[in-house]
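Worksheet for the structure shown next.
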Amino acid sequence: MPLSPEQEAEIAAQRSESHQTLRATAPGMEQHLYTAHPVLDHGFVRVIDYMGDDSAITQAARVSYGRGTKSVSNDEGLIRYLMRHWHSTPFEMCEIKLHVKLPVFVARQWIRHRTANVNEYSARYSILDREFYIPAPDSLAAQSTTNNQGRGDVLEGAEAQRVLDILRDDSMRAYDHYEEMISQDGQQGLARELARMNLPANIYTQWYWKVDLHNLLHFLRLRADAHAQYEIRVYAEAIAKLVADWVPATYKAFEDYRMGGATLSATGLECIRRMLKGETVTQENSGMSKGEWREFEGLLG
Ligand SMILES: Cc1cc2nc3c(=O)[nH]c(=O)nc-3n(C[C@H](O)[C@H](O)[C@H](O)COP(=O)(O)OP(=O)(O)OC[C@H]3O[C@@H](n4cnc5c(N)ncnc54)[C@H](O)[C@@H]3O)c2cc1C
């Protein structure tokens, strides 16, 4: 349960208020405002605020005086052109502010995306909740034998149970000790800023994360990708759904050119030209390394 009844009530109260505005709003995004979308066992993503819509992008690209919209299909075409040619600044005209609750080890990966503004819950000031990420059984996988940075088959039976028991017991024991150290019952109580150092990386933290659409799409390209760790990928996938409702034309172009598309090297392009001419191209005569060729073959399916 990611939210307490009090927090649910606060969100409902916020959603019941509405304000008139002259600014552009995106109907798809209005549906999501403030709502918490659950991710993992205790986490969530919720939209706190946003600026702009698909037309804000074309309006900026045309540097127009009004909405700048000639027609929907015109706008879609322009958005696709901008995306195709890496003309990125118009996408920076849209912004989103999210409230995210996430395990600390996921936050460590996420914070590497430096082009956002972040304000994190202070564990110096406040007491952290007793909430730890414990993987669902189908996410409890063995080390991959082919990819050092990945997972293999799902753990089963006694091994899976033992791992879950260790994760739960260690988390609870660490939190019991945290509470014991900060307690002021008959003792001074250790400072919260020090007591937290004993807590494991699966404890949940929270932050407000504000980013422009261009950098958000870059984040999604990297983190909603199959190569990203599952625990950050599910957050990226939840955000991707919000973006699809916020700026549908942009998201469609992004899916086409970035998520579904691929970049080829000059060598790769030359191989394709040779293949189209009927030549048999192999790794040995391709000019590519074995790793590169494997990826190239993967691209071609
Ligand atoms: C699958 C995967 C595996 C990873 N593995 C590791 C790992 O093993 N170890 C590790 O340390 N990291 C790892 N990373 C993190 C990765 O190296 C990047 O730090 C992270 O993805 C953020 O990307 P970014 O710098 O492009 O994003 P942002 O910080 O959002 O930056 C966006 C863009 O802005 C520009 N930019 C931002 N800041 C600067 C700057 N100071 N100087 C120049 N240009 C800048 C760059 O063009 C950059 O691409 C991994 C990431 C992924 C997706």
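Counting begins at 1 with the first residue displayed.
Just so it is clear, glycine is given a Cβ too, placed from its N, Cα and C backbone atoms.
Annotated in TrEMBL:
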REGION    1-22  region 'Disordered'
BINDING   T89, R112, H113, R114, E120, D212, L213, H214, H218  FAD binding site
BINDING   Q109, W110, I111, R112, E120, Y121, S122, A123, R124, R196, R223  dUMP binding site
ACT_SITE  R223  active site, involved in ionization of N3 of dUMP, leading to its activation
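Closest by Cα distance to I111 (dUMP binding site), from the binding-site residues T89, E120, L213, H218, is E120. Just so you know, of the binding-site residues I111, L213, the Cβ with the fewest other Cβ atoms around it within 10 Å is the one at I111. Among the residues the record lists as binding FAD, namely T89, R112, H113, R114, E120, D212, L213, H214, H218, the two farthest apart have Cα atoms separated by 27 Å. The Cβ of Q109 (dUMP binding site) lies under 8 Å from the Cβ of R223, Q229, I232, each of these being in the same chain and 6 or more residues away along the sequence. Under 8 Å, Cβ to Cβ, and six or more positions away along its own chain, S122 (dUMP binding site) finds no residue.
The CA atom of R124 (dUMP binding site) is located 32 Å away from the CA atom of H218 (FAD binding site).
Annotation note: H218 (FAD binding site) sits in a helical segment as assigned by DSSP. Listed binding-site residues: Q109, I111, H113, L213. Those with a CB atom under 6 Å from ligand 1: H113. DSSP assigns S122 (dUMP binding site) to coil, not to a helix or a strand. Take the CB of H218 (FAD binding site) and look out to 10 A: across all protein chains shown you find 17 other CB atoms. Helix, strand and coil counts under DSSP for the region 'Disordered' (1-22) come to 12 helix, 0 strand, 10 coil.
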